[in-house]
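Let me begin by presenting the structure, written as structure tokens, before commenting on it.
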Amino acid sequence: MAGDKQGDKQAETTSVPAEARERHAQLAEQIEEHRFRYYVNDAPVVSDAEFDRLLRTLEELEERHPELRTPESPTQKVAGAYATEFTAVQHPTRMLSLDNTFNDDELAAWFERIARELGEQEYHFLCELKVDGLAVNLTYERGRLVRAATRGDGRTGEDITPNVRTIAEIPDRLAGDKVPDLVEIRGEVYFPMEKFQELNARLNEAGDKPFANARNAAAGSLRQKDPRVTASRPLHMVVHGIGTLEGYSGLTRLSQAYDLLKAWGLPTSPHNRVVDGLDGVREFIAYYGENRHSVAHEIDGVVVKVDEIRLQGRLGSTARAPRWAIAYKYAPEEVNTKLVDIKVGVGRTGRVTPYAQVEPVTVAGSEVEFATLHNQEVVKAKGVLIGDTVVLRKAGDVIPEILGPVADLRDGSEREFVMPAECPECGTPLKAMKEGDIDLRCPNARACPAQLRERVAYLAGRECLDIEHFGGVVAAALTGPLEPSEPPLVDEGDLFDLTVEKLLPIKAYVLDPDSGLPKRDPKTGEEKIATVFANKEGEPKKNTLALLQHIEEAKTRPLARFINGLSIRYVGPVAAQALAREFRSIDRIEQATEEELASTDGVGGAIATAVKEWFAVDWHREIVRKWKAAGVPLEDRSTGEDEGPRPLEGLTVVVTGTLENFTRDGAKEALQSRGAKVTGSVSKKTSFVVVGDNPGSKYDKAMQLKVPVLNEDGFAVLLEQGPEAAADVALSAEE
């Protein structure tokens with residue numbers, strides 16, 4: 001089966017060089033991983049500019065090789081399609097993303113396309129500030145707020161109604177007599193810049209990790225499990241659009257709609273402006289490029305929209321973005337500062353990464369003391385020396401990055417950075433894991449304190465078990481305390497064996513949440529030490545008992561989260577989901593052959609090899625054994641074979657195009673829960689192809705191979721009545 005499937009995939013892209021296919025797969029995986037970190041964790045690890053660069057590289061690759069552009073490609077998806085904490089809800093009208101421009105030439109090219117489409121008609125442009133916040137959709141029925149949801153994948157978002165109700169300026173009821181029967185109102189929730197620094201100061205005071213920027217503060221505050229926490233944060237909202245509108249007519253221009261929104265009591269931006277053409281847009285962009293910090297919220301660009309609603313309909317949309325609107329992204333901000341030192345950190349997979357310590361400097365509204373340098377080759381390429389004055393950019397107003405040195409300011413005291421030959425934490429000689437690797441790694445995975453600390457922090461984090469009160473400080477205390485000499489966590493397997501008695505004696509350094517280094521007493525300069533889990537009377541702190549309760553609750557997390565938490569190389573949230581969905585238990589994954597693993601959608605050869613290598617290590621298998629002994633199921637019982645009939649067992653189904661009543665993931669889940677296998681390519685072995693709007697080449701191939709094709713009504717028949725009934729309503733080449 002594995003060979004057949006791989007052959008099918010290869011046949012579909014025979015004209016594409018293997019190098020291009022491999023590069024496409026790498027880029028797609030990186031982009032999906034970064035989207036997950038951005039939308040689920042509210043903690044991106046790359047800048048907006050770097051993410052945009054990756055996405056553009058993928059788009060350019062697909063332009064050269066259109067066969068690689070599938071509906072599953074990140075270029076065809078609306079960002080944000082991950083939900084973890086809140087109930088999924090569907091938007092009546094889809095929320096799209098925006099296409100981006102980054103310079104005047106690209107902006108002018110967009111204007112030329114609009115002019116070609118609209119000809120000699122009179123039209124105007126509405127300019128808005130692009131708020132760097134969290135996109136939210138408000139639904140009002142007969143003037144009453146009934147739901148607030150995140151954008152999600154554009155069709156399905158997270159229900160955050162209780163939290164949005166805590167934002168004072170969002171009315172529970174629309175003002176005035178003339179309110180529609182149903183209206184969706186789109187906007188951005190943001191955290192005011194003037195309050196952002198105050199919040200981070202309080203978090204630092206409490207020993208909690210501060211937010212990297214105001215956007216993360218808004219997202220993190222809005223996605224709290226307890227609405228009281230949200231209510232304590234000074235969140236605001238700006239509305240900027242209407243989705244579904246029923247029971248109201250007469251709007252001809254978007255700028256009129258904004259007047260209407262304001263009359264209903266909703267917060268609109270005072271900065272919006274209607275202009276006649278490109279020169280007016282350029283003027284607006286230039287003004288706010290120079291005055292961006294005069295605005296109450298962070299901005300990362302300007303949104304330009306065709307103002308006439310009738311013409312918006314004529315211009316239409318692509319699968320992910322309207323053609324009548326464009327986002328102009330400002331260049332990241334840059335400042336000069338001193339490069340004090342280059343240090344190295346060790347990650348959970350042993351990767352050793354240099355990072356810069358700079359003299360504290362304010363950039364893009366926040367103070368920066370550390371910046372990324374990626375690897376030793378990047379340090380060489382940038383040409384920076386320790387002691388240099390360097391140009392620091394907070395790219396996308398998120399992740400600080402060093403661009404290069406100001407070489408003219410060198411005085412001869414600067415020195416080169418030398419990558420250490422040994423792990424800075426355990427002393428093990430560093431090495432590349434395979435020939436050609438740029439990154440050096442510490443191979444001492446079992447005993448390296450840094451790797452264990454980072455793995456435990458990742459396991460407890462939002463992407464995996466999502467254990468409250470368990471951050472990097474707790475992970476450090478449990479894996480490397482000053483007292484007792486034997487840490488309570490020797491490896492991840494000990495997590496569910498923690499008790500109050502094991503926690504109370506622990507003493508550890510008080511760590512700075514930003515740098516991970518011990519804090520020092522401002523008077524004595526000595527490193528601060530604290531009893532982490534006990535109060536002055538030696539009793540457990542309130543958070544200690546809560547931590548143990550949350551650890552116990554984490555035993556029931558879905559299998560995919562445990563797989564992700566094993567820190568297997570190349571296995572992130574997407575691959576973990578694929579493995580859990582296909583094999584449904586940790587034992588089946590361990591027993592699977594490399595070929596069976598590789599043939600799983602979303603896995604592939606490199607991940608399959610890494611999984612087999614991980615399970616070949618004795619102490620890795622011991623982690624799994626300990627978790628089982630502690631009562632962790634390590635299987636997805638909800639999809640087990642013992643839960644009754646699976647009417648679509650043995651079927652292979654391809655889903656393509658846009659369905660009205662299902663998201664792509666929702667359709668896959670509906671099929672997989674009934675036993676069907678969902679694949680990304682059509683072959684003679686495909687049982688059915690389900691098609692929505694804009695199905696693309698897969699529909700053509702299905703007709704060519706005479707594979708039964710189901711529209712959305714036929715798909716419903718398949719789910720409700722089974723394959724025989726679906727075959728009766730399917731389309732085929734003979735028809």
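Using N, Cα and C of the backbone, Cβ positions are placed for all residues, glycine too.
Per Swiss-Prot, the features are as follows:
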type     : residues                                                                                : note
COMPBIAS : 1-11                                                                                    : compositional bias 'Basic and acidic residues'
REGION   : 1-23                                                                                    : region 'Disordered'
BINDING  : Asp48, Ala49, Glu50, Phe51, Asp52, Ser97, Leu98, Glu128, Arg151, Glu188, Lys305, Lys329 : NAD(+) binding site
ACT_SITE : Lys130                                                                                  : active site, N6-AMP-lysine intermediate
BINDING  : Cys423, Cys426, Cys442, Cys448                                                          : Zn(2+) binding site
DOMAIN   : 643-732                                                                                 : domain 'BRCT'
- Message: Here's one to test understanding: among the binding-site residues Asp48, Arg151, Lys305, whose C-alpha is closest in space to the C-alpha of Cys448 (Zn(2+) binding site)?
- Response: Asp48
- Determine the mean pLDDT over the domain 'BRCT' (643-732), rounding to the nearest whole number. 81
- Does DSSP give Cys448 (Zn(2+) binding site) helix, strand or coil? coil
- Query: Closest of the recorded positions to Asp52 (NAD(+) binding site), Cα to Cα, picking from Lys130, Cys423, Cys426?
  - Reply: Lys130
- DSSP assigns the residues of the domain 'BRCT' (643-732) as 34 helix, 17 strand, 39 coil
- Look up Cys442 (Zn(2+) binding site) in the DSSP assignment and report helix, strand or coil. coil
- Between Cys423 (Zn(2+) binding site) and Glu50 (NAD(+) binding site), what C-alpha distance do you get in Å? 28
- Query: Sorted by position, what residues of the same chain at least six away from Cys442 (Zn(2+) binding site) have a C-beta under 8 A from it?
  - Reply: Val346, Gly350, Val352, Cys423, Glu425, Cys426, Thr428, Leu430, Cys448, Ala450, Gln451
- Query: Given the binding-site residues Leu98, Cys423, Cys426, Cys448, which one has the fewest other C-beta atoms within 10 angstroms of its C-beta?
  - Reply: Cys426
- Between Lys305 (NAD(+) binding site) and Lys130 (active site, N6-AMP-lysine intermediate), what C-alpha distance do you get in Å? 12
- Message: Which one is it: of the binding-site residues Asp48, Glu50, Asp52, which Cβ has the fewest other Cβ atoms within 10 Å in this structure?
- Response: Asp52
- Item | the residue listed as 'active site, N6-AMP-lysine intermediate' versus Asp48 (NAD(+) binding site) - Cα distance in angstrom | 14
